[in-house]
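> Okay, so TrEMBL annotates it like this:
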type	residues	note
TRANSMEM	12-30	transmembrane segment
TRANSMEM	42-62	transmembrane segment
TRANSMEM	69-87	transmembrane segment
TRANSMEM	99-116	transmembrane segment
TRANSMEM	137-161	transmembrane segment
TRANSMEM	181-199	transmembrane segment
TRANSMEM	211-236	transmembrane segment
TRANSMEM	248-268	transmembrane segment
TRANSMEM	280-305	transmembrane segment
TRANSMEM	317-338	transmembrane segment
TRANSMEM	350-371	transmembrane segment
Amino acid sequence: MSDEARDWPLRAASLALAGAGVGLAVHFLVTGDGPSQPVTEAWRLALAALLTTAGLAVAFVLERQGHRLTASFAGAAGLIVGSVVYWNGPSSGWDAGEGWRLTCALLTVAIAAPLFQAWRDAGAARTIPYVAAHDRAWTNVVLWFAAMVFTGITWLLAMLLGELFALIGVRFIEELLRKDWFAAVLTGGAFGGAIGLLRDRERVLGTLQRVVTTVLSVLAPALAVGLLAFLIALPFTGLSPLWAATRSTTPILIGCVIGALILANAVLGDRPEHEARRGVLRWSAMGLGLALLPLGVIAAISTGLRIAQYGLTPERLWAVVFTGIACAYCLAYLVALVRARGGWGEPVRAANLRLGLALCVLAFILSTPLLSFNQISTRDQLARLADGRTPPAKFDWAALRFDFGEAGKAAVARLAREGSTSAIRIAASETLKSDNRYAAREDAEARERADTLDARIRILPKSVPLPAWLRTSIARKSGCELKRPCGVLFTSGATEAFIVSSDQWGEEVQRVDPSSNDKSTPIPKITEDTIKKRRADEARRQAVLRAAIERGDVEVRTVQRRQVFINGEPVGSTFE
């Protein structure tokens, strides 16, 4: 399509107004009862996600013709993302897998957009030309980042104007920028207007795209040399250092695969005449294609080892999916390289289109509740617990309770009632008492530390039996180690104790009493009225202090303090 046909001055103004409207609507949908209170209604979050996604889709694919097709695509994109948000509910209750489900929904839309644009622009042929799809994909990426930069500049200018007018006492702009609703309007309007302005300047976008691909292609030799050197070193180092160095082996390798794919495609271009002509760039692209499959295989081995050691979890199943996708691309590129050798660009482009379509469909399926990684993982973990592969003391109860969704919660509740051993029932029951994963893990670690508590403390001034509340407090303290026991200042019948621990930073003193183990303190609900009341109370306190100073009611008093002393030297802070 020619630049003249694509030019549409009304588009920029329309998208700016639409962006401002969407921003305002989303603001009111996601605003809770107070500034720190999240929205709990799933339908409001889902509608906000639908409006945001549909608005972005319209901005990226809107043309002068084909409004019905554009509206249909935008509506479908919004429904996909909005449905996922509705199924998942408020983000405060999401487990690890639900975040990936939303990622898959967004990935579906991101891949489908250039495919839809290429299909629509093909006209009556209704095919998806690779050249058009490739061009649209790169253009959309460049457009996204350019619009973000434009939005950032808009904010900088707005803040500069606010500060300028504040110099002469006019604070209207400054105060307006502090309003959340106006921030949403300004951000949405600037982003929509930026997309409209840039899309009316296709030549500018084309130039930016060529600059980006040229810069990326120049980086291909460096990455190719690095990856090939890494693979050459593996026979001498073995794979063991990969597992010992970090638990993030698979993400690092998948990141290298993604980087290699991007740089290789930057060199190959969208057609033979756009391929890089320099020999070093062409050979580096082939080197990247050669290194892909070994990296994918190592990532698969890493994921398999983790599963064999610790069983399935939702995150590991997602790792299996992403590793499988990476290996599919790696295999396709290696086959193209082996069959076509130097002229491997054309088969790679064909593979890119087929794999892109397949990935779009797969991402859509994974974004739906059709596959429940939580249930699959829960069954596997329960089987490992039942047959003894994972003993109750080593079982990750917090993960099952909080990271495996409803299936995991139900399993923990069932084990608390019907566990095959007392150890399982006790551990499950204790996990149910925790209201978040961090508290559950802290409780589990405290139970483990309680087994060696007597070896990690020294009771002063003389050894006496410790009450249950004090043993629990000490068990929760991670600073007491076998090689560096804590000192516990406690006398029989006392209602408080002092725990003295030391590390390379010095001594630490902690006062504990029976209330130290109370985890039931509610989190106060912060509303606009609460903030106003706090400000009013602070203003009254300041007024009282000012009045006291004015009438001279100021004095110096001698106070007593309580503090731990070691060898006559004060240690830690005062307690009273």
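Glycine is no exception: its Cβ is also placed from the backbone N, Cα and C atoms.
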> For the transmembrane segment (12-30), give me same-chain residues lying six or more residues beyond its boundaries with a C-beta closer than 8 angstroms to one of its C-beta atoms, as numbers and ranges.
39, 44-45, 47-48, 51-52, 55, 58-59, 62, 180-181, 184-193, 195-197, 199-200
> What residues elsewhere in the chain lie close to the transmembrane segment (69-87), defined as a C-beta under 8 angstroms and at least 6 residues from its ends?
42-43, 45-55, 57-58, 61-63, 101-102, 104-106, 108-109, 112-113, 116, 120, 364, 367-369
> At a threshold of under 8 Å on Cβ distances, which of 42-62, 280-305, 350-371 pairs most often with the transmembrane segment (181-199)?
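Counting Cβ pairs under 8 Å, the winner is 42-62.
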> Can you tell me which of 99-116, 211-236, 280-305, 317-338 gets the most C-beta pairs within less than 8 Å of the transmembrane segment (42-62)?
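Highest pair count goes to 99-116.
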> Hey, which bits of the same chain come close to the transmembrane segment (317-338), Cβ under 8 Å, at least six residues off its ends?
97, 100, 250-251, 254, 257-258, 261, 264, 286, 289-290, 292-293, 295-297, 299-300, 303, 306-307, 344, 347-348, 351, 355, 358-359, 362, 366, 373, 376-377
> If you count Cβ pairs under 8 Å, which stretch among 99-116, 211-236, 248-268, 280-305 touches the transmembrane segment (350-371) the most?
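Out of the listed stretches, 99-116 contacts the transmembrane segment (350-371) most.
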> Suppose I define contact as three or more CB-CB distances under 8 A, residues 6 or more apart in sequence; do the transmembrane segment (280-305) and the transmembrane segment (99-116) meet it?
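Per Cβ check, the transmembrane segment (280-305) does not touch the transmembrane segment (99-116).
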